[in-house]
């Protein structure tokens, strides 16, 4: 039964790293499907992590056991509002979306660290007192094999992330709202002609990406790091962006890609346990997600087709 | 009506002013004295010879990374991968610097050249993928950044040292450091690299404005289809633009490897030289001269900020916020143009 124990260990570690990526990648899907490139996912995660940690520290005594949930919600709301900056710049002021996203990343880190210095008088915050704990799902964890693999020692946020991916899939592909969102990203002029408010849809797309990106960063902070510093979010946002593209701008594809990237990240940690991978230098494990993304983009793993008008500002009346 | 040229000069100036004003407002909100804050920043950059030396030291790689981003942008390519190309140039220059025993006249140019080649190679890959397969260069370069980060860490640990966190120092003969400059500036880390940086700015100006290649690169940046119709090889120009851009970035790495530090160490994250290069290029309107000015401004902000906590109690990170806002304002130049035109109309 050693092999099952090993699989459940790898699976558990993968899912811990994958969960924040899933949330953030879903946010990326919303934004990019509406035609707005979001390089700023990293910054949105930073904002989410910062807000979650601060609200967790502040409201710990008020909400008690409910603190983690409250901090996740606050992080989502603040990050959605923060994403407005990207929306205003890239949709209304027609700024280059990539540049605006880069600025978001700078701005989030600057604000986070500035306020940390301001409020805690040091480079990082204190450690939070009510993080999210891993737990077993009652009854289901008694199922032989499957119970060990999927229902033992996971964080509840992981189940939420997977459920959310299916929900987002339903919203984007099975509801009128999703159809409008996609049409705005593919051919905004045609959508406008049909009476869809292009600007409104794109604002909603970017703000949803803020909410989900913030949730991703918040989950990472509350499950993995437990405090906020300059090193809390280092590149997870960009991996989430890679997951969006690797998953071909599809929510379920992004889910799969995020789990794969989580697996790749966990491998560099648990590979010492696996006889087959013991001799592979860890650097190959570390660069694997990025190399695979490039290969995917180059069309070696099926062609990835971006939304048609991704990255183009929509100017009413222009042809 | 305002001419386009005037707009191009006004937009960066207004953006910087707006950024600084926002910084002042933030300081006011948090109960600091903005005048004391900015005075501390000014003194931290120009206060004495040491601070000035450090400022020039910071400006040097910014010029080169700014040139790298600007050069690619002239051909319509956004090279976010400058960060990774800096890493590759850094590691290559240090590698040559520690493993050969040569006279300086050969060793130093060889180390610098190696950095340029390594950076160019790191730019070549996304350039080729863009030209041949149409893959978006932004995503590929982001991925290349991480590959460079982990690769260089692994090289430092396994190839250039015996599991240590940093390499040994580069040989005297490959070093850009200068006792003469250091003594003059109370032992700041200023080095001869700024000569290389200024020289490269001239090289960029020359290539872009005075050669056929430069004309073709700009033409591809304006309109790929028209360029192709006019008989230019668009693919070749895209690859070339990324290669030259990467070479500039590699040189920025050499400035750190041969000048500022003299070694390469394991890095937990990015140096931000490359990302700041994006801001520099944007603010400098993608011209060689503009990049020098913008790099100087950012160098002053970054180094001056270090003095802000001690002299005025303001956290250093305020400057990061100011820089981010400046990028926003430059990127949203449409808004600034619109406001200027509106004022113009009202004034009539």
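Each residue, glycine too, has its Cβ placed from N, Cα and C.
Some features that TrEMBL has for this protein:
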- A:6-31: transmembrane segment (TRANSMEM)
- A:43-63: transmembrane segment (TRANSMEM)
- A:69-91: transmembrane segment (TRANSMEM)
- A:98-116: transmembrane segment (TRANSMEM)
- A:154-173: transmembrane segment (TRANSMEM)
- A:203-222: transmembrane segment (TRANSMEM)
- A:228-247: transmembrane segment (TRANSMEM)
- A:254-277: transmembrane segment (TRANSMEM)
- A:283-301: transmembrane segment (TRANSMEM)
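Non-local neighbours of the transmembrane segment (A:203-222) in the same chain are 19-28, 30-31, 33-36, 38, 40-41, 44-53, 56, 68, 71-72, 75-84, 86-87, 90-91, 128, 131-132, 155, 157, 161, 181, 184-185, 228, 232-233, 236-237, 240; each lies 6+ residues outside the stretch with a CB under 8 Å from one of its CB atoms. By the Cβ criterion (under 8 Å, sequence separation of 6 or more), the transmembrane segment (A:98-116) is not in contact with the transmembrane segment (A:283-301), since fewer than 3 such pairs are found. The transmembrane segment (A:228-247) and the transmembrane segment (A:43-63) are in contact, since at least 3 Cβ pairs between them lie under 8 Å (pairs 6 or more apart in sequence).
Using a Cβ-Cβ cut-off under 8 Å and counting only residues 6 or more beyond its ends in the same chain, the transmembrane segment (A:69-91) has close neighbours at 36-38, 40, 43-44, 47-49, 51-53, 55-56, 59, 63, 97, 100-101, 103-104, 107-108, 157, 199, 202-203, 206-215, 217-219, 222, 313-314.
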